[in-house]
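Below are the features listed in TrEMBL for this protein:
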type     : residues : note
TRANSMEM : 19-45    : transmembrane segment
DOMAIN   : 38-287   : domain 'G-protein coupled receptors family 1 profile'
TRANSMEM : 57-78    : transmembrane segment
TRANSMEM : 98-117   : transmembrane segment
TRANSMEM : 137-155  : transmembrane segment
TRANSMEM : 194-223  : transmembrane segment
TRANSMEM : 235-258  : transmembrane segment
TRANSMEM : 270-289  : transmembrane segment
Amino acid sequence: QNETTVTEFILLGFSSNPALQLCLFALFSVLYSATLMGNALVFVLICRDYRLHSPMYFFLCHLSIVDICYASNNVPHMLRNLLGHGRTISFAGCGTQIHLYLIFALTECVLLAVMSYDRYVAICHPLRYALIMNWRLCLTLAAVSWAFGFVFGTLQASLALHLPFCGPCEVDHFFCEILAVLKLACTDTTANKVLIFAVCVCFLLFPLALILIFYLHILATILRIRSVPGWQKTFSTCGSHLTMVGLFYGNAIFMYMGPGSSNSSGREKVLSLFYSLVSPCLNPLIYSLRNKQVKEALMKLQRRRVFHS
């Protein structure tokens, strides 16, 4: 009898203080703009420069697409709310946010593991790299990453959105995060939480274990390198990827598999903010724009613009 037909949710966000909201709007706008420009620049450089048409940059291109879509799914609505233009979101809009959030997050989990495999083959089997990482395999790995993200993201989202919800429909978050929305259901959500945990095992723990195995082999290969330039080149190639892997998987495991992970609070909002803004903003700088070949492609593009102007 207490069940209601929900047509919209209220996103509580970060704070109701107007001054703080304005400061957050300015900060998040800068980060979001940097995210869009940085990832778009990486995408354009990789597409335009034939020297970057290699498996590593192919996967980086997909990562840039994921980051742009991931940030654009949550941040524009959050900025609108911070300006005081209403905190409500329709049921369909909330479902779309959950669905896309899961798709892009799960796709990035698989992509990071694929990228670590690419580095493993490049460093541990350099003579067979071109043979192993052929374009058919690269296209297959990219397609599998997107397919896994879509299938399992759709499964979780559909099960969550078919639950009955009760008022007041206040989501204690700045977007429709799945754990925060599940708290509003009028029925037992144990099955949903078990599914979320199982997906976390498949998409977080298993890929992380593979990544660690790949990097253990990479470390063993590095230790056999006697030249200092060889060390520096290997560390510059893998250090950035390993740093972001630790941040991404560490935060995800802490958020969804840690103690009290089902309670949406300030901790979950900060961690979600890392995924929505900080990580997509840092990825172009850490993965790509510090890379020598990408820098050369950027300088080449700038010279072309100066010449044509």
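Using the three backbone atoms N, Cα and C, a Cβ is placed for every residue, glycine included.
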With pairs fewer than 6 apart in sequence excluded, do the transmembrane segment (194-223) and the transmembrane segment (98-117) have three or more C-beta pairs that lie under 8 Å?
yes
Between 137-155, 194-223, 270-289, who has the most Cβ pairs under 8 Å to the transmembrane segment (19-45)?
270-289
So which of 137-155, 194-223, 235-258 has the most C-beta pairs under 8 Å when paired with the transmembrane segment (270-289)?
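By the under-8 Å Cβ criterion, the transmembrane segment (270-289) pairs most with 235-258.
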